[in-house]
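To start, the structure itself, in structure tokens.
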Amino acid sequence: MEVVEVLHMNGGNGDSSYANNSLVQQKVILMTKPITEQAMIDLYSSLFPETLCIADLGCSLGANTFLVVSQLVKIVEKERKKHGFKSPEFYFHFNDLPGNDFNTLFQSLGAFQEDLRKHIGESFGPCFFSGVPGSFYTRLFPSKSLHFVYSSYSLMWLSQVPNGIENNKGNIYMARTSPLSVIKAYYKQYEIDFSNFLKYRSEELMKGGKMVLTLLGRESEDPTSKECCYIWELLAMALNKLVEEGLIKEEKVDAFNIPQYTPSPAEVKYIVEKEGSFTINRLETSRVHWNASNNEKNGGYNVSRCMRAVAEPLLVSHFDKELMDLVFHKYEEIVSDCMSKENTEFINVIISLTKIN
């Protein structure tokens, strides 16, 4: 499985689409806003750029993508008015892997721009937008061309399934039953990928450029902690139920692993300091409930739809597409039972960085 070819959120605007099932991600963007705001204010008030080049890495599609743009434009507009400056030209780069539904994203752009003008008037910008398909673990932009890099809920995804994890039987991710070699392989891949991410962004950002990165993580130093692995453990249970029913072969589940690593703040800090291109301004964690909706009765249903929007393309690349309704129906039942007994939350790691040279 080539991750770059199959990793993307469900496209379009249907019932299982990411656009309609990304309330958790929206809440996280809103929770992170004070950190984003401070980073952008510091950037603008130190450089006062006439053109502001911003990249959203792992942008996906839907309202959340435009929420980020709206936040950043409003922050800059408020700050430049304080100083009596003319509005800069905004250049937004939307980056994601090639399988992302860029068509749906750009079809929504006109309505978004019209709505933004209604809220903040006609005096800002102009704004320019481009799509940049490709892996953010490679070079994406010309040298020193960016002022600001933003990424939310993307950097926990790995560039590939780690090597040497064939013995992770019965699991689809790191779990308490995973051999130590599997845990080490996951961390090794994460360290390689995040180091590359920092290296390439340091080449693309100008001196004093900022990054605000939010990713799924954990507070515990145990990489198999329930706070980061449980959501995938429950999906493995759903798949294994279909094995018991003879609908999926056991070896198919054994051969499937999620290309993701959810780091602790200490691991993030260690890699940033080791790579050496950035100073850390802030490094924090936050929590958000699995069910971001206010409707507690349908918690399992909401979580199942959210996870389907995220994970279905990966699953379809390995399992029969016709089984997806059944997989996520079983997943909904398992998640509902779990949520009735336990407090279920995602842990977010947020880091604000400044490029040194």
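Glycine too: its Cβ is placed from the backbone N, Cα and C atoms.
Copied over from Swiss-Prot, here are the features:
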type	residues	note
BINDING	Tyr18, Cys59, Asn64, Asp96, Leu97, Ser135, Phe136	S-adenosyl-L-homocysteine binding site
BINDING	Gln25, Trp157, Gln260	benzoate binding site
BINDING	Asn168, Asp254, Phe256, Asn257	Mg(2+) binding site
SITE	Tyr150	site 'Involved in substrate discrimination'
Taking only the residues the record lists as binding benzoate, namely Gln25, Trp157, Gln260, what is the largest Cα to Cα distance between any two of them, in Å to the nearest whole number?
17
I'm trying to understand the geometry here, so how far is the Cα atom of Asn168 (Mg(2+) binding site) from the Cα atom of Leu97 (S-adenosyl-L-homocysteine binding site), in Å to the nearest whole number?
27
Enter the number of other CB atoms within 10 angstroms of the CB of Tyr150 (site 'Involved in substrate discrimination').
26
What same-chain residues, at least 6 away in sequence, bring their CB to under 8 Å of the CB of Gln260 (benzoate binding site)?
Met156, Trp157, Leu158, Tyr173, Leu216, Trp232
Starting from the Cβ centroid of Gln25, Trp157, Gln260, the recorded benzoate site, name every other residue in that chain with its Cβ within 8 Å, sequence order please.
Gly58, Tyr153, Ser154, Leu155, Met156, Leu215, Leu216, Val310
Helix, strand or coil by DSSP: which one applies to Gln25 (benzoate binding site)?
helix
Using a 10 Å cut-off, grab the number of neighbouring Cβ atoms around the Cβ of Asp96 (S-adenosyl-L-homocysteine binding site), all chains included.
26
Specify all same-chain residues, apart from the site residues Asn168, Asp254, Phe256, Asn257, whose Cβ lies within 8 angstroms of the center of the Cβ atoms of the Mg(2+) site, ordered by sequence.
Ile165, Glu166, Lys169, Asn171, Ile172, Val253, Ala255
Filter the recorded positions Gln25, Tyr150, Asp254, Phe256, Asn257 down to those whose C-alpha lies within 10 angstroms of the C-alpha of Cys59 (S-adenosyl-L-homocysteine binding site); answer none if the list is empty.
Tyr150
To the nearest Å, how far is the Cα of Ser135 (S-adenosyl-L-homocysteine binding site) from the Cα of Phe256 (Mg(2+) binding site)?
22
Between the Cα atoms of Phe136 (S-adenosyl-L-homocysteine binding site) and Tyr150 (site 'Involved in substrate discrimination'), find the distance and write it as a whole number of Å.
12
Taking the Cα atoms as reference points, how far is Asp254 (Mg(2+) binding site) from Asp96 (S-adenosyl-L-homocysteine binding site) in Å?
29
Is any of the recorded positions Gln25, Tyr150, Phe256, Asn257 within 10 Å of Asn64 (S-adenosyl-L-homocysteine binding site) (Cα-Cα), and if so, which, in sequence order?
Gln25
